[in-house]
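Working notes, structure below.
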Amino acid sequence: MEILVAIKKALKKVGIPEKYAAKVKALFNIESEENLENYVSLFKDNILPDLEASEQNNQNVINNAIAEYEKKHSLKDGKPIEGKGKKGKKNKTVVDDDDDDVDDDLDDLPPAFKKMLQAQQKQIQTLTDNISTLTKTVSDSGKNASAKALFDTAKLPEKWFKRIDVNSETSVEDQIKELQEEYKEIRQSAISDEVDAGNYRPYVAQPKDRTEKEWLEIMNKDEGTGDSNGVASLGID
């Protein structure tokens with residue numbers, strides 16, 4: 001519930017109705033406030049316009065369907081229109097038909113309306129597919145960025161990163177630990193092979209390269225000659 005409150009605040013901040021909070025959470029699989037502003041921005045720029053257009057089209061379809069139905073059955077606001085004369089009997093017949101033949105009435109919708117409804121359903125399905133694709137792309141991109149940062153600190157071979165599955169049930173941290181163990185075993189095995197072959201040479205640190213002046217200062221310091229620059233005194237004034 002806390003994350004929904006945070007999402008609502010983020011939506012309100014950029015002028016998006018809070019009613020979309022649950023949808024944003026589900027679309028981007030948000031579990032924390034990390035990168036929340038980026039997710040809200042992506043929703044606003046790439047998903048919300050199509051979503052609002054779809055909702056408006058859906059409402060138009062509903063309104064048209066209601067208008068067609070009420071016109072066919074002499075209804076207004078869902079109630080029978082009271083005519084002159086024998087209105088009671090006529091109205092009763094209409095209401096009874098409504099109760100018994102709802103499905104048949106829907107089948108009697110005009111072909112033009114049916115075609116429009118089918119086109120709308122196809123558009124909604126396309127929008128749903130696009131949203132799903134975009135959501136997965138954004139989600140994977142964020143996961144890959146976080147995984148790459150962890151991977152780089154592990155000092156593993158760069159090409160091994162493709163072995164990380166950000167969508168796996170095994171956490172990225174555990175996958176990296178497994179790779180570290182494997183890498184350690186490979187290195188140890190290579191060293192053992194070199195030792196067995198008599199080719200292994202332990203690393204010996206090389207002395208730091210020094211200038212002639214630095215060596216002279218070290219020698220003078222070791223001999224305790226101070227600033228004499230290595231010149232011995234002969235006792236001659």
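Any Cβ shown, glycine's included, is placed from N, Cα and C.
As annotated by TrEMBL, coiled coil applies to 169-196.
The compositional bias 'Basic and acidic residues' feature in TrEMBL is assigned to 73-85.
TrEMBL lists 73-102 with the feature region 'Disordered'.
Residues 143, 146-147, 150-151, 154, 156-157, 160, 163 of the same chain lie 6+ residues outside the coiled coil (169-196) yet bring a C-beta within less than 8 angstroms of a C-beta in it.
In the predicted model, residues of the coiled coil (169-196) average a pLDDT of 85.
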